[in-house]
Ligand code: RTP
Ligand code: MG
């Protein structure tokens, strides 16, 4: 497996629950390293731009409203097979369907307030990382 980077966001619900550290521990225990990070309260334009692929979906407005409801914690994770590994740690989009022990099963409340975002492909990871971090703010470790 190749060394990859993926974009992770701890969403406003999980930041409000004060579980940033517990989620970071899961990344670390799975062998994913934090190589960039920042806390940010996204503007509407930033959230709309980030989720532009979902523009035509019925849940788009609710998704944007939720993502700007409070600060988020944004990080780049690096490790072997990081994109899929992070998706496995996250669990299914709907926490009711998320496997026991996954981040969403343990910390998410609903399909809207579902605790975390993770890039869904290596190609999208590169786009999403560049959306939030200039290359000089991502640190090789
Ligand atoms: P994410 O992008 O946040 O990591 O989540 P995901 O890949 O598991 O799910 P995706 O299909 O990309 O959807 C993005 C976010 O939109 C909300 N959503 N709501 N009501 C619905 O049917 C519905 N479907 C998706 C979720 O909050 C999801 O995380
Ligand atoms: Mg997605």
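Any Cβ shown, glycine's included, is placed from N, Cα and C.
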Which of 5, 104 belongs with 11, 59, 87, 93, 114 in the ATP site listed by TrEMBL: 104
C-beta crowding around residue 117 (active site, pros-phosphohistidine intermediate), within 10 angstroms: 19
Listed recorded positions adjacent to ligand 1, that is, members of 11, 59, 87, 93, 104, 117 whose C-beta is under 6 A away: 59, 93, 117
Secondary structure content, the domain 'Nucleoside diphosphate kinase-like' (3-140) (per DSSP, counts of residues): 64 helix, 28 strand, 46 coil
Residue 11 (ATP binding site), number of other Cβ atoms within 10 Å: 22
Those binding-site residues listed as 87, 104, and which of them has the most Cβ atoms within 10 Å of its own Cβ: 104
